[in-house]
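Peer 1: Below is a structure I'd like to ask you about.
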Amino acid sequence: MSSASGTANPLRDAQDRRLPRIAGPSGLVIFGVTGDLSRKKLMPAVYDLANRGLLPPGFSLVGFARRDWEDEDFAQVVHDAVKEHSRTTFREEVWQQLAQGMRFVSGEFHDDQAFETLRTTIDELDKSRGTGGNFAFYLSVPPKFFPTVVSQLKKHGLSDAEPGSWRRAVIEKPFGHDLKSAQELNAVIHEVFRASEVFRIDHYLGKETVQNILALRFANTMFEPLWNRSYVDHVQITMAEDIGIGGRAGYYDGIGSARDVIQNHILQLLALTAMEEPTSFDAKALLTEKLKVLNSVRLPKDLGKYTVRGQYAEGWQGGEKVPGYLDEEGIDPNSKTDTYAAIKLGIDNRRWAGVPFYLRTGKRLGRRVTEIAVMFQRAPHSPFDATDTQELGQNALVIRVQPDEGVTIRFGSKVPGTQMEIRDVTMDFAYGESFTESSPEAYERLILDVLLGDANLFPRHQEVERSWEILDPIEEYWDKHGKPEQYPAGTWGPQAADEMLARDGRIWRRP
Amino acid sequence: MNIDLTDTTSSRINAELVKARRSLGSPAMGMVLTLVIVTDEGNHYDALKAASGASKEHPSRILVVVRRPGRSPRDRAQHRLDAEVRVGSDVGEAGSGETIILRLHGELASHAHSVVLPLLLPDAPVVVWWPEDAPENPAEDPLGKLAQRRITDAAATEDPVGALSLRATTYAPGDTDLAWTRITPWRSMLAASVDQKQTTINSAVVEGEEYNPSSELLALWLAERLRVPVERRISEGPGITGVRMETVEGQICLDRANGSLAELAVPGQPDRHVALQRRSTAELLAEELRRLDPDEAYAEAVSFGINKISGPDPAHPTPAAPAPAPAEASGQTEASGQTEEPSTAEPAAEPAPAKPKGRSNRSNTKKATK
């Protein structure tokens with residue numbers, strides 16, 4: 001690791017677990033700092049990190065955008081964003097510490113002058129704040145600007161780290177819209193930044209519940225013996241949103257839910273759920289296992305039967321009347337973009353052969369929920385009468401990623417008072433109830449990891465490219481065949497999705 | 001929900017708890033630990049408030065043991081258990097878990113463990129906290145024996161430095177002290193500054209209020225980790241006001257005059273502000289509950305030996321090796337002192353404590369220039 005940490009410091013001791021991992025001297029440069037993500041997530045996360053004492057003294061934040069702002073205007077914007085959105089309480093002294101390191105550079109992405117200013121700003125920060133030449137460039141901009149920004153960074157020497165320091169690039173999805181574009185994008189970025197210095201943000205991987213999948217599977221003995229085709233009937237991964245596309249028409253139309261969500265978030269969740277035990281928890285070992293399981297993923301032979309897409313139609317959602325997708329502002333009335341996608345995948349290895357993985361995502365569904373449900377097979381033989389177990393479903397283990405993070409286990413239990421009647425009950429573990437430390441926001445964890453150079457929770461370009469390989473044939477098929485089925489807003493998706501599972505004798509869980 | 005039980009027993013309290021939870025519609029609650037607070041009538045309110053604050057983020061069962069041995073021989077000969085059960089979030093102070101205030105009258109006051117034992121959550125860790133009047137040997141105390149973690153507070157004793165020495169002699173894995181918890185932000189910032197400046201440290205000075213055992217602990221920790229002479233100096237506070245580490249290249253100096261915003265000066269690097277807010281008891285307790293395994297770093301620091309720290313207090317003799325004179329004239333720290341905001345809000349103890357070795361300390365100089 002390039003940051004100066006660890007062994008040489010006599011004040012650090014592995015036994016001393018109270019001392020947190022503090023990032024080394026560094027700064028963060030945000031491109032597109034006026035955007036929603038920046039105001040709602042990045043700035044508050046930076047403040048929360050500072051408030052938890054995890055940022056180095058002298059940490060600096062540089063904003064880059066087209067506005068005609070001074071440093072103070074920028075600081076004011078950050079101040080407001082932090083006050084409104086930060087997770088931890090606002091403290092004046094923490095703010096003071098941060099505010100002194102805030103700079104703003106005004107300019108367009110093709111403007112050489114602006115990038116020169118950025119360079120002098122960074123040099124000045126090295127002197128006045130002791131950032132040590134360590135900077136992460138956060139590209140919170142639409143992907144079409146990536147090539148311009150990274151080539152500008154290269155041209156002005158911003159991407160070259162002095163020996164003993166680092167320069168890192170942080171990019172947000174979408175990482176392309178198909179395999180070819182993803183490869184091109186990766187080529188552009190890797191030309192300027194080494195692959196190990198590029199951090200792709202998939203904010204789901206920063207969530208405690210997602211990291212807990214690995215803890216649940218590999219730190220316990222009770223689950224792993226069941227985690228295979230002998231006991232698991234099938235797996236459902238759901239990522240549902242109750243909102244529509246809102247103001248994102250320009251971005252969303254033509255992309256659709258499968259590219260937006262399945263390609264990155266859901267396939268990552270699938271990889272973590274299905275992968276073998278990694279040899280260690282470093283980035284390389286994790287990548288090896290995730291890639292291995294993604295490489296074993298097989299598409300269904302009949303894409304028409306085992307993939308479903310839909311578009312939300314006008315309807316009532318939670319007491320509110322909402323417009324259909326085609327009526328949303330800025331959407332082509334003939335758009336074939338999917339706002340709902342469900343697919344069935346298989347994993348061809350000894351552990352999972354024959355166990356289907358059903359993935360679904362959509363907008364304007366019943367409620368906002370992300371969960372992984374591992375559905376177990378029914379008991380091979382029941383000594384009870386059929387009527388006794390009439391109300392008994394399949395055993396299930398559900399990892400609730402958001403909201404209401406936790407794990408639920410469902411199993412049968414005798415109804416008290418009756419002779420022998422067995423019904424489903426649940427056992428529940430909720431994060432909020434079980435830990436003294438409230439869960440940090442995903443972005444807090446991820447930004448800290450970028451500054452520490454810890455790449456565990458970031459998908460690597462191989463995974464991104466393999467995910468597109470999985471999704472591309474489906475998108476191609478959809479392009480050529482038919483159009484999305486309409487489903488009323490506020491329901492759990494189109495009829496065809498239910499039929500898809502019914503064909504296998506299964507039903508979707510109501511999350 | 002608030003239930004008062006007079007002249008009761010642990011099993012009746014347990015039954016009431018189950019009943020109360022049923023009536024709230026949540027027969028099972030995920031609680032992670034039992035926190036036992038051993039206190040008296042005068043202190044239990046503050047202690048419970050802090051504990052509830054700490055447990056806001058997660059429900060725990062809080063058992064407040066209030067001892068009332070009684071003053072007259074007649075009172076002492078009788079014994080009675082009164083309990084107050086608070087369940088659910090509707091009671092503001094109760095946090096999100098369950099709180100039981102146990103009043104142990106008469107002879108029962110010395111058999112608190114018999115009341116507490118049946119009320120512990122099954123299979124969950126137990127933490128005992130003595131806000132004041134901790135036993136001499138926490139691990140041997142009947143209540144302390146029930147716990148994985150025993151929290152004392154040297155700052156709440158008559159002789160804080162003496163209390164630290166006592167903690168050192170009776171240390172058992174699982175012991176911890178809030179005086180130690182208070183310095184985590186200092187330690188983490190000092191460690192981070194040494195991360196940034198790889199250099200050899202020759203000596204160190206810790207400045208802080210009198211009767212502030214955290215200053216001593218910080219000095220002990222530095223001495224134990226660095227194996228260099230460390231001096232403890234008295235300042236007007238609040239709390240710890242500064243740490244200086246002499247290195248071959250100059251002084252690493254972390255200065256906090258006003259109890260919240262500190263200034264870090266590292267040779268060859270610009271001066272920077274860092275937030276070092278003094279924390280509430282609730283926050284300290286929350287940190288304490290985060291890890292329930294033995295704190296070996298604390299053990300090593302507290303056991304290092306207070307007599308190895310040179311200081312103004314005649315209680316600890318100055319060791320043979322005198323600390324090298326710190327370079328007060330280092331331009332950087334002086335310059336930083338001027339930009340710092342003056343501390344006005346803090347009600348510092350007015351009678352100026354004895355100044356160490358005739359040298360005026362920084363907070364005094366600043367007061368004079370103001």
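Counting begins at 1 with the first residue displayed.
Glycine residues also receive a Cβ, built from the backbone N, Cα and C atoms like all the rest.
Under the heading active site, proton acceptor, TrEMBL lists A:H265. Marked as NADP(+) binding site by TrEMBL: A:R66, A:E108, A:F109, A:K173. The substrate binding site annotation in TrEMBL covers A:H203, A:K207, A:E241, A:D260, A:K363. Annotated domain 'Glucose-6-phosphate dehydrogenase NAD-binding' per TrEMBL: A:29-212, in sequence order. Residues or ranges marked as domain 'Glucose-6-phosphate dehydrogenase C-terminal' in TrEMBL: A:214-509.
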Peer 1: Of A:E241, A:D260, A:K363, which binding-site residues are close to A:K173 (NADP(+) binding site), meaning a Cα within 10 Å of its Cα?
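Peer 2: Taking A:E241, A:D260, A:K363 one by one, the ones whose Cα falls within 10 Å of A:K173 (NADP(+) binding site) are A:D260.
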Peer 1: Roughly how many Å separate the Cα of the residue listed as 'active site, proton acceptor' from that of A:H203 (substrate binding site), to the nearest whole number?
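Peer 2: Cα to Cα, the residue listed as 'active site, proton acceptor' and A:H203 (substrate binding site) are separated by 8 Å.
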Peer 1: Where's the emptiest Cβ shell within 10 Å among the binding-site residues A:E108, A:E241?
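Peer 2: Fewest other Cβ atoms within 10 Å, among the binding-site residues A:E108, A:E241, is found for A:E108.
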Peer 1: Where A:E108 (NADP(+) binding site) and A:H203 (substrate binding site) are concerned, what is their Cα separation in Å, rounded?
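Peer 2: Cα to Cα, A:E108 (NADP(+) binding site) and A:H203 (substrate binding site) are separated by 27 Å.
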Peer 1: Only counting partners 6 or more residues apart, tell me which same-chain residues put their Cβ under 8 Å from the Cβ of A:H203 (substrate binding site).
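Peer 2: Expected: A:K41, A:A442, A:Y443, A:L446.
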Peer 1: Long-range same-chain neighbours of A:K207 (substrate binding site), Cβ under 8 Å, sequence gap at least 6?
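Peer 2: Within the chain, A:K207 (substrate binding site) has Cβ neighbours under 8 Å at A:V401, A:Q402, A:E405, A:S439, A:A442.
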Peer 1: Across all chains shown, how many C-beta atoms besides its own are within 10 angstroms of the C-beta of A:K173 (NADP(+) binding site)?
Peer 2: 18
Peer 1: Spatially, which candidate from the binding-site residues A:E241, A:D260, A:K363 is nearest to A:R66 (NADP(+) binding site), comparing Cα atoms?
Peer 2: A:D260
Peer 1: If I restrict to non-local contacts, at least six residues apart, and a C-beta distance under 8 angstroms, what lies near A:F109 (NADP(+) binding site) in its own chain?
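Peer 2: Spatial neighbours, sequence-distant, of A:F109 (NADP(+) binding site): A:F31, A:V141, A:F145, A:T148, A:V149, A:Q152.
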Peer 1: Reduce the DSSP letter at the residue listed as 'active site, proton acceptor' to three states and note it down.
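Peer 2: In three-state terms, the residue listed as 'active site, proton acceptor' counts as helix.
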Peer 1: If we count other C-beta atoms within 10 Å, could you say which of the recorded positions A:R66, A:H265, A:K363 has the fewest?
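Peer 2: Sparsest of the recorded positions A:R66, A:H265, A:K363 by Cβ contacts within 10 Å: A:R66.
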Peer 1: DSSP three-state call for A:H203 (substrate binding site): helix, strand or coil?
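Peer 2: It is helical.
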Peer 1: I'd like the Cβ neighbour count for A:D260 (substrate binding site), meaning other Cβ atoms within 10 Å of its Cβ, all protein chains included.
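Peer 2: A:D260 (substrate binding site) is surrounded by 23 other Cβ atoms within 10 Å.
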